[in-house]
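According to TrEMBL, the feature active site, tele-phosphohistidine intermediate maps to H12. The active site, proton donor/acceptor annotation in TrEMBL covers E87. According to TrEMBL, the substrate binding site annotation covers R11, H12, G13, Q14, T15, E16, L17, N18, R61. Among the features that TrEMBL reports, transmembrane segment is placed at 100-119.
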Amino acid sequence: MSMTVHLYLVRHGQTELNRSFKLQGRTNSALTLKGIRDVRKLADRLNNIKFDRAFSSFSGRASETARIIVETHPELREVEAVDGLAEYDFGGLENRSVFSFWWAVIHKIGPLGIFRLFFGKHRVRNVVRMFNMLDKTNSAETMPEVSNRVLNTVREIIDKELGNPQRDFNVLIVSHGLILSAFLYGINPKKVPRLLLKNASVSQVDFKNGQFKIVSVNKRG
């Protein structure tokens, strides 16, 4: 009998840097009051799911989001932090204003290029290319790097941490907007929202017979 691993992919709640419209990758900032409220609403949405394991990135905003959700799940003893779930590395663009970044993009590719970027199915890949193009330090992650990192991390969680389950498993993964969007993009580019994933949202991906299938995207509490 073939078993299914149900992955519940949660983006952390709104942070101070999110509220300030700054690019936030490896830099951490605290959840805002709105962020905390939104995560609690999401926790209520997830309350009827019995999780077998929980994972998050090492970032404080992700671990705090996971902690709030786990408070309503006594079946979970701990949340394991995993390096590979870290947010995209923006390199020299870290903490840059989102508005100034997109203004620079407009100067590079023009309004028509922006339209094609957002309305084409490869928008995740194209956005990452813009980061690479504008990062003068050449240290921002490339699309192959970020895609391979998140896919390998999720596969390791399934293969090594869960072993060969004899029943369906529910797994909570709390991470970040761009890294989770890259994971969804690798499964089905058309399923990625135009503005990527919202704060305090959950997307479900099922893994069965060696294949990933997107069940739902960007649901909130």
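Heads up, the Cβ atoms here are built off N, Cα and C, so glycines get one too.
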Between the Cα atoms of L17 (substrate binding site) and the residue listed as 'active site, proton donor/acceptor', what distance do you get, rounded to the nearest Å?
14
For substrate, whose listed binding residues are R11, H12, G13, Q14, T15, E16, L17, N18, R61, the greatest C-alpha pairwise distance in Å:
15
What whole-number Å value do you get for the CA-CA distance of T15 (substrate binding site) and E87 (active site, proton donor/acceptor)?
14
If you run the three-state DSSP split on R61 (substrate binding site), which class comes out?
helix
Rounded to a whole number, how many Å is the Cα of R61 (substrate binding site) away from the Cα of E87 (active site, proton donor/acceptor)?
11
Collapsed DSSP category at L17 (substrate binding site):
helix
Using the centroid of the Cβ atoms of R11, H12, G13, Q14, T15, E16, L17, N18, R61 as reference, list every other same-chain residue with Cβ within 8 Å of it (recorded substrate site), in sequence order.
R19, Q24, S29, L31, T32, G35, N199
Out of these recorded positions, G13, L17, E87, which one has the fewest other C-beta atoms within 10 Å of its own C-beta?
L17
For R11 (substrate binding site) and E87 (active site, proton donor/acceptor), determine the Cα separation and express it in whole Å.
10
Roughly how many Å separate the Cα of E87 (active site, proton donor/acceptor) from that of the residue listed as 'active site, tele-phosphohistidine intermediate', to the nearest whole number?
11
At a 10 Å cut-off from the C-beta of R11 (substrate binding site), count the other C-beta atoms across all protein chains.
29
